Amino acid sequence: MPTESGSCSTARQAKQKRKSHSLSIRRTNSSEQERTALPREMLEGQDSKLPSSVRSTLLELFGQIEREFENLYIENLELRREIETLNERLAAEGQAIDGAELSKGQLKTKASHSTSQLSQKLKTTYKASTSKIVSSFKTTTSRAVCQLVKEYIGHRDGIWDVSVARTQPVVLGTASADHTALLWSIETGRCLVKYSGHVGSVNSIKFHPSEQLALTASGDQTAHIWSYAVQLPTPQPIADTITCGEDEVECSDKDEPDVDADVSSDCPTIRVPLTSLKSHQGVVIAADWLVGGKQAVTASWDRTANLFDVETAELVHSLTGHDQELTHCCTHPTQRLVVTSSRDTTFRLWDFRDPSIHSVNVFQGHTDTVTSAVFTVGDNVVSGSDDRTVKVWDLRNMRSPIATIRTDSAINRINVCVGQKIIALPHDNRQVRLFDMSGVRLARLPRSSRQGHRRMVCCSAWSEDHPMCNLFTCGFDRQAIGWNINIPALLQEK
């Protein structure tokens with residue numbers, strides 16, 4: 001009769017263990033209701049000042065917590081059994097090597113390789129199984145405070161861009177794929193003005209530096225300049241904000257905010273622009289005002305950026321050189337400088353300070369699409385990319401960045417708090433992280449079942465002077481969010 005090999009015996013033992021484990025899981029699940037019913041009856045029999053509805057909700061929540069821990073416990077048991085199986089398999093491989101005619105050096109190399117693979121697999125499995133419980137109960141000593149203050153809900157599709165007016169009254173602007181741009185009261189969250197002059201997705205919105213004018217870029221191959229006049233409503237008492245530190249409990253995905261009631265239907269609607277900037281042969285993905293507000297720059301998927309005269313709407317310069325579609329453009333707050341980013345993995349600096357010379361510098365350092373590049377104070381530019389990195393550059397030295405931030409997700413339109421030099425990074429994975437200019441992580445905005453974005457975060461915008469909200473974010477979940485960041489505590493923790 002043929003003898004059974006060691007590997008077959010090991011496999012059969014592992015199969016029997018998994019079978020008995022599955023039986024134990026079924027027994028656990030079948031008795032779950034009986035075990036949870038006992039503490040419920042005991043608690044319900046005790047005297048309490050809580051209303052019955054509140055007690056019932058608490059009991060249900062504690063039951064969910066117990067089930068979650070039970071699932072984690074079962075997963076840990078399964079991991080232990082997998083470890084034993086892997087150890088037995090490693091031992092069997094060692095026996096097979098002993099039976100072969102190998103030199104001691106070859107045997108040592110084989111055993112070392114197998115041990116390394118086992119160690120890596122165990123590390124990966126352990127991290128995947130324990131990350132949830134660690135993130136749920138990890139405490140933080142960070143004194144940095146992030147508060148969700150207000151949600152701005154009313155768009156019918158994802159929001160691409162968010163911006164804050166630089167003149168009084170200070171309002172919030174959002175640009176959406178639903179073909180509209182909305183202006184909001186920051187304090188009340190009420191929609192003040194709706195712009196519906198575009199026939200395509202509105203991809204960006206920027207406010208004039210000194211007048212009540214807005215500049216929007218659209219998928220209809222145009223950029224519009226339109227005027228608005230708003231009267232802010234009386235602020236209402238602010239509801240209790242939710243405070244958190246850098247680490248927050250993760251949440252499961254939820255549906256987007258309910259916008260069945262069109263909140264923008266009651267506010268004034270602007271349908272005709274003052275000026276329409278036309279010259280592109282593709283989607284206009286972004287637009288911005290040059291310092292002084294007399295000229296505007298647009299970036300398009302036709303691989304060009306155009307400089308326009310605002311008063312006459314005439315094309316002044318066409319900026320060519322990118323090899324692929326442009327993704328963003330940004331202007332310097334005090335100088336006639338423009339930076340454009342592109343899918344060709346580069347961003348370019350255009351210098352219009354000398355009317356007779358329009359120089360251009362190319363920055364190469366990313367390995368994927370550069371989603372945005374923005375100016376900071378002094379001579380620095382910060383660029384973000386789909387290669388999951390953010391780089392800080394000195395305009396006087398273009399060869400290499402002075403700081404690199406590596407993240408775990410693609411980065412969208414970044415924004416820098418100029419006064420405090422804090423970078424806000426919106427990610428594809430719904431997170432928003434804060435870093436300083438040297439690459440030190442300061443905080444992560446909270447995201448749980450009750451707050452935060454539920455889909456990709458597209459853009460962030462700082463408002464350093466507003467007393468209630470100093471950071472705004474927007475995303476594909478059709479909402480913009482106003483945050484209050486305790487910057488002194490943030491920097492003190494650093």
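Along the chain as shown, residues are numbered 1 onward.
Note: Cβ is positioned from N, Cα and C throughout, glycine not excepted.
All TrEMBL annotations are machine predictions without curation.
The compositional bias 'Polar residues' annotation in TrEMBL covers 1-13 (among others).
Among the features that TrEMBL reports, region 'Disordered' is placed at 1-49.
What TrEMBL records for 22-31 (among others) is compositional bias 'Polar residues'.
Annotated compositional bias 'Basic and acidic residues' per TrEMBL: 32-47, in sequence order.
Positions annotated as coiled coil by TrEMBL: 69-96.
According to TrEMBL, the repeat 'WD' annotation covers 152-194 (among others). Residues 200-212, 214, 216-218, 228, 230-236, 257, 259, 262-264, 266-270, 286, 413, 455, 458-463, 465-466, 468-469, 472-482 of the same chain lie 6+ residues outside the repeat 'WD' (152-194) yet bring a C-beta within less than 8 angstroms of a C-beta in it.
Marked as repeat 'WD' by TrEMBL: 195-227 (among others). When pLDDT values are averaged over the repeat 'WD' (195-227), the model yields 97.
The repeat 'WD' annotation in TrEMBL covers 277-318 (among others). Here the repeat 'WD' (277-318) has Cβ contacts under 8 Å with residues 161, 200-201, 203-204, 206, 208-211, 213, 215-225, 324-336, 338, 340, 342, 350, 352, 358 of the same chain, all six or more residues outside its ends.
Same-chain neighbours of the repeat 'WD' (319-360): 282, 285-291, 297-307, 366-375, 381, 383, 385, 387, 395, 413, 418, counting only residues six or more beyond its ends whose CB sits under 8 Å from a CB of the stretch. Per TrEMBL, the feature repeat 'WD' maps to 319-360 (among others).
Positions annotated as repeat 'WD' by TrEMBL: 363-403 (among others).
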Worksheet entry | Distant-in-sequence neighbours of the repeat 'WD' (363-403), which means Cβ under 8 A and at least six residues beyond its ends | 327-328, 330-333, 337, 339-343, 345-349, 409-416, 418-419, 421, 423, 425, 435, 437-439
Discussion item. Looking only at the repeat 'WD' (195-227), how are its residues distributed among DSSP helix, strand and coil?
Written reply: 0 helix, 19 strand, 14 coil
